[in-house]
Amino acid sequence: MKKLLCFLVIILVSSMFLAACSSSNESNGKASDGDQVVIDFFHRWPNEPRKSFYDEKIAEFEKLHPNVKINVDAVLNDSYKEKIRVLVSNDDLPDVFTSWSDTFAENLVSSGRIMELNDIMAEDTEWSGNIIESQYAGFTFDDVTYGIPFTVDGKAFFYNKQIFEENNIAVPGSYGELINALDQLKEAGYETPLVEGLTNGWAISHYMGTIFDRVINYDVLLKDYNIETGEFTDPGYIRGLETFKELTTYMGDVSTAIDHETARNMFAAGEVPVLYMQFAEVKYVQDAGNVEFGFFNFPAVEDGEGRPKSLTGAPEGWMLSNNAPPEAVEFLKFLTSEETAKAFTKADGQLNAIKGGVSEETSNPESLEAYQIILDASDATPWFDNAVDVSIADIFMRGGQELATGQTTPEEIMAKVQEAAAKLRNQ
Amino acid sequence: MKLKKGNITPILFMLPTILFLGLFIYIPLIQNFYNSFFEFSVFSQSKEFVGLSKIKELFVDEVAIIALNNNVKYAIISVLLQVFFALVLAAILEDKFFRRFAPALRVIYFMPVMISISVIALLFGFVYNPQIGLLNSFLELLGIEQLAKPWLGNSTTAIYSVIAMSQWQSIGLITMLFIVSIQKIPKELYEAAEIDGAGKIRRFFSVTVPQVKEATFVNLLVTVTGSILVFNEPYILTNGGPGNSSMTLAVHMYQTGFIKDDMGYASTLASLIFLLSAVFALIQIKVSKTGKED
């Protein structure tokens, strides 16, 4: 009898443990019956000023909705990309989270765990109609919208106006002129006239995406960026990689050992005259240093077959997980309201896709200039690492590092890319 | 212990452990082997059976070869520094002459073990910084600035810089394990050796080394399997870069799974890592003909 009792107790204890383990996943499907509702919120700005901005907005929202508690988590760019993949694979997605557009969003959507927003948008057109329509495209797949665009962005060369003036250098109108300008700067004593934090794969991919768009016919790119038809056999890719390699020769030894933030600080401190940056970084540069800067788009490449004037950049936005509570939708609307957008641009300097969000009142002249460049851009090229499959992007990004350290050749990189593309086609 | 018929108490006591080991170690292990026969993605719920193709892929994967090579370098350097050098260090710390400073020195050597690896990696990111880093500044101070390098950004030095950081962190732990083991050696052995006229070095090789055989075995096992599993250090410091020059098997596995989204092949790599560490452990147990403390 004693043994039997002992046996039963052990079974009971073990099963309690197991039950505890298996129920941990169910924390997402919270009931919203007037009790406390918990919303998991995940973004990618653990740095200031944006972290504080979201912390304040969360507090504001919680005050307006006393029954809502928002759990916030934030990690930087590259880590964010990894963490969100891990979360989606475990069906442990946060209720509200940031997402890039294009393939990044498409991959998330393919998990079947992202909420469709068409009905929600149709129900409240006052809110959804106040977002610049063109920006929805990167979040819409097969006519279903899965994300609400929030920030808009573009990439351009930021240059130190004072240094350019001192050395009588004009803003380059073509790639050849850019190289001339960099040579002149080198002669003037700037050992690394151009710099980039090449430890960040995404920074390399931004360069590649733009260069390919300049030298390769757009139709070829469209075909290659599609996993079902991509071959990457156009000789333009070799030329593009050579162009990138040429640019890295102006970056010196340090570039492969630093990150983009360090590179930006070097620019802001006036040590480096030219840096390829996002408009989103205007405020960071202004806060970190005291340089007067201007920007110019990546110039046209002589006899390049691509689009000479397109602007690289894509919106980022918010997504909801399938089992997010209704309060999360409220929170999403709150995050993308005109009022939030205005406060956001004022606090952070980042441009956004909400009509009326960016104005003279909320922004500085540099940002307004950038905003106009984005709105006027002839065409937009998505971020390369979001435009192609991640296995292809990875080869280009690691290859870019190896090009800069002289460990590989453009031909070797393209051989690997073609192999990976063939594998993707056959899947 | 012999089980009497009908006496199930011992089994009942072991049951929870067996259950949990099975649930959290063995079932996932088997599942992982099983997964390596499939093509599937983080994002999709459907799996496609692809037979041995993921295992074939392993043999033509250049990155895996670089990674394996780096793991081997990691193991060799770790064994040399962490096991042999740590033993010497422990013997020195236990030497009569150093006894007075031993507590302070032990704390100093052990300190890095207690700091989280992420913090250490950030710290060393600063040490290796090409512009303001301590290492390059130090070389400049010594007047040999021509040796200064972008340590983590150079494909020849990146992996060694990562390995060096690991050694700095782990040597304290191994040293402590040796110290404990040395303290258990009976004093009489040393006294007898001294009477026989053995010097310090002779005493080290003839008394200390054979007496700490068990500890050496455990430390070798820990270090070698640790070198095969190493993930945090290269992941945080270099992410396997520049290019793939500081890639290790575990980082490659992680990136294949969660970045390149090829879970089947990531499972294959995980199986490889498991097999390698199991094989190394078995060889070491066999060679040292031991495995248990007597």
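Count begins at 1; order follows the chain as displayed.
Glycine is treated like the rest: Cβ placed from N, Cα and C.
Source: prediction; values computed, not measured.
Copied over from TrEMBL:
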- B:12-34: transmembrane segment (TRANSMEM)
- B:68-284: domain 'ABC transmembrane type-1' (DOMAIN)
- B:74-93: transmembrane segment (TRANSMEM)
- B:105-128: transmembrane segment (TRANSMEM)
- B:158-180: transmembrane segment (TRANSMEM)
- B:217-237: transmembrane segment (TRANSMEM)
- B:263-283: transmembrane segment (TRANSMEM)
Result, the transmembrane segment (B:217-237) in contact with the transmembrane segment (B:105-128) (3+ CB pairs under 8 Å): yes
Looking at B:12-34, B:158-180, B:217-237, B:263-283, which one has the highest count of Cβ pairs under 8 angstroms to the transmembrane segment (B:74-93)? B:158-180
Who are the chain neighbours of the transmembrane segment (B:12-34) in space, where the CB to CB distance is under 8 Å and they lie at least 6 residues beyond its ends? 267, 270-271, 274
Within-chain partners of the transmembrane segment (B:158-180) [C-beta distance under 8 Å, separation at least 6 from its ends]: 70, 73-74, 77-78, 81-83, 85-87, 89-91, 93-94, 106, 109-113, 115, 117, 120-121, 124, 128, 151-152, 212, 215, 218-219, 222-223, 226, 230, 233-234, 237-238, 241-242, 245-246
